[in-house]
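What Swiss-Prot says about this one:
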| type | residues | note |
| --- | --- | --- |
| BINDING | Asp267, Asp273, Asp325, Phe326, Asp327 | Ca(2+) 1 binding site |
| BINDING | Asp267, Asp325, Asp327, Asp333 | Ca(2+) 2 binding site |
| BINDING | Asp327, Ser330, Asp333 | Ca(2+) 3 binding site |
| BINDING | Asp399, Asp405, Asp459, Asp461 | Ca(2+) 4 binding site |
| COMPBIAS | 143-174 | compositional bias 'Polar residues' |
| DOMAIN | 236-357 | domain 'C2 1' |
| DOMAIN | 368-501 | domain 'C2 2' |
| REGION | 92-111 | region 'Disordered' |
| REGION | 142-200 | region 'Disordered' |
| REGION | 228-477 | region 'Phospholipid binding' |
| TOPO_DOM | 1-52 | topological domain 'Vesicular' |
| TOPO_DOM | 79-537 | topological domain 'Cytoplasmic' |
| TRANSMEM | 53-78 | transmembrane segment |
Amino acid sequence: MSGDGEDELCRNALALVNELCFSVRGNHNNEKCIEFSYLLRDRDRTRHIETDISVSLLSVIVTFCGIVLLGVSLFVSWKLCWIPWRDKGLNPQRRDSQHHPHQHLHHHHSHFTDLTVERVDCGPEMPERSYLDLESYPESGIKLSQTSPDIPVDTSSGSKENNIPNAHSQQQVSAPPPATRFNSLPRPIPQQLSSPEFGTQADEKVEQVTSIGQIKPELYKQRSIDTEAKKHQKVNCGRINFMLRYTYTTEQLVVKILKALDLPAKDANGFSDPYVKIYLLPDRKKKFQTKVHRKTLNPIFNETFQFNVPFNELQNRKLHFSVYDFDRFSRHDLIGQVVLDNLLEFSDFSEDTTIWRDILEATSEKADLGEINFSLCYLPTAGRLTITIIKATNLKAMDLTGFSDPYVKASLICDERRLKKRKTSIKKNTLNPVYNEALVFDIPNENMEHVNVIIAVMDYDCIGHNEVIGMCRVGNATDGPGREHWNEMLANPRKPIEQWHQLIEEKVMNSYMTKSFAAGTGATKPVTIVVESPHSV
């Protein structure tokens, strides 16, 4: 049985016994009933006492909390009100005591005839020289600054001939604090003034200086030379180790990138995510790229690449290495580069030749995003534009594996609006995808002059947003290869016109389109090319 039930049963039993004892006549004098009545009174008295104790304990707690809150409020008010008021009351006296000498000094600057100098008893009584009294230093020169020459003071002519007070010159003198600071007051050095060399030096300075503030070219010549030397000096950004071998039978140049050492840190964690791009100059038709190595400054690659180069062209070819730092959500940072020329010298080695080269810092390099090859074909009678995406080469690596998952998206733009979009399939883990896929748009013949097409190469990501690798544009309102390709298509209807296009960055295209539209280029109404952001896919 629960506690509440037992209490209720006890109350009922007590009420019943009370009724039996005092309701029936003759039981008032019964000893048992009288004893029971005393027990009831004691029980009620105990209950009242417990109630009083609980009430008194609660009042004590409330009183204590009130006292604590009162003390905290008094302490806070003392901190906020009393201390600032006390400091405010004491500040005027401190300011008067601290700044009185300076105020006295500035007060007398406008009245130079009333300038007084305090004296110090240091043995025999000697006149104390004021730091504003130039006549006390008849043979010394005025020092305007650390770089300006010393100007001797002419006591005879002085400032009387020019009607200029001495105080104007004195304000420019690099002087120490006033005369009240006895120990810090500079004194003329007798040895320097009395030495025979001092007079000759002063005469030379008088001949060299013709006016105050004259610039000495020799002071800045050395700095300019150092600056030019720093500009021409290239910073070493580590070293790279690779092997070369030329096979005469197949006319192939075999390059094996072994490792790199002491690369600079490009990330906030003190490391880099390096990879190497390699290609032959000057055409750059074929480019290779190593895998990305995470969080290291001494990557080990051990990757081999082959270039088909005839033997008679080795002398005019150069091998170009570019070391990059991989960034997932921004442009890759160029760490440095190495150019190996005169490859004919290394063709004499039939076996692998290990070569070490210093990686030199490169200030900037044009973004190499790759190229795309597609054809345009328009049928005027059907009003149909067919864009055949053939392939892309040398795309930028967007994944840590050193590859990308590219697909191509074509957007049809007219009057600042995207009308339609088409896209190809996704090619996994490649930088040279081959598509051969046709993207068809229905465009009336009269609207061909008002449309543009954006070709964007995207990198597909399973998790997150797809990113733009690079893009190009074709249409009547474009410039360069895009406009030439479009005009050639219109001049040759029902015939596919194939052409290669260089991919550019999204921000570069947007800035160029903004400038061209502001200048009003193009024969037709300017059409804003809206490049679809990867966040909208």
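Cβ from N, Cα, C; glycine included.
Reduced to three states, the DSSP call for Asp325 (Ca(2+) 1 binding site) is strand. The binding-site residues listed here (Asp405, Asp459, Asp461) include no residue with a Cα within 10 A of the Cα of Phe326 (Ca(2+) 1 binding site). Ranking the binding-site residues Asp267, Asp325, Asp405 by the distance of their Cα atoms from the Cα of Asp333 (Ca(2+) 2 binding site) places Asp325 first. Cα of Asp461 (Ca(2+) 4 binding site) to Cα of Asp273 (Ca(2+) 1 binding site): a distance of 20 Å. Residues near Asp325 (Ca(2+) 1 binding site) in space but far in sequence (CB under 8 A, at least 6 apart, same chain), listed by position: Lys266, Asp267, Ser272, Asp273, Pro274, His332, Asp333, Leu334, Ile335.
Every protein chain considered, the tally of other Cβ atoms within 10 Å of the Cβ of Asp459 (Ca(2+) 4 binding site) stands at 21. The domain 'C2 2' (368-501): residue composition by secondary structure is 17 helix, 69 strand, 48 coil, according to DSSP. The Cβ of Asp399 (Ca(2+) 4 binding site) has Asp405, Asn429, Asp459 as same-chain neighbours under 8 Å, each 6 or more residues away in sequence. Summarising the environment of Asp327 (Ca(2+) 1 binding site), the number of other Cβ atoms within 10 Å of its Cβ, over all protein chains shown, is 13. Within 10 Å of the C-beta of Asp405 (Ca(2+) 4 binding site) there are 19 other C-beta atoms, taking all protein chains into account. Between the binding-site residues Asp267, Asp273, Asp333, Asp461, Asp273 has the most other Cβ atoms inside 10 Å of its own Cβ, all protein chains included. Same-chain residues with CB within 8 A of the center of the Asp399, Asp405, Asp459, Asp461 CB atoms, the Ca(2+) 4 site residues themselves not counted, are Met398, Ser404, Pro406, Tyr460, Asn466, Glu467.
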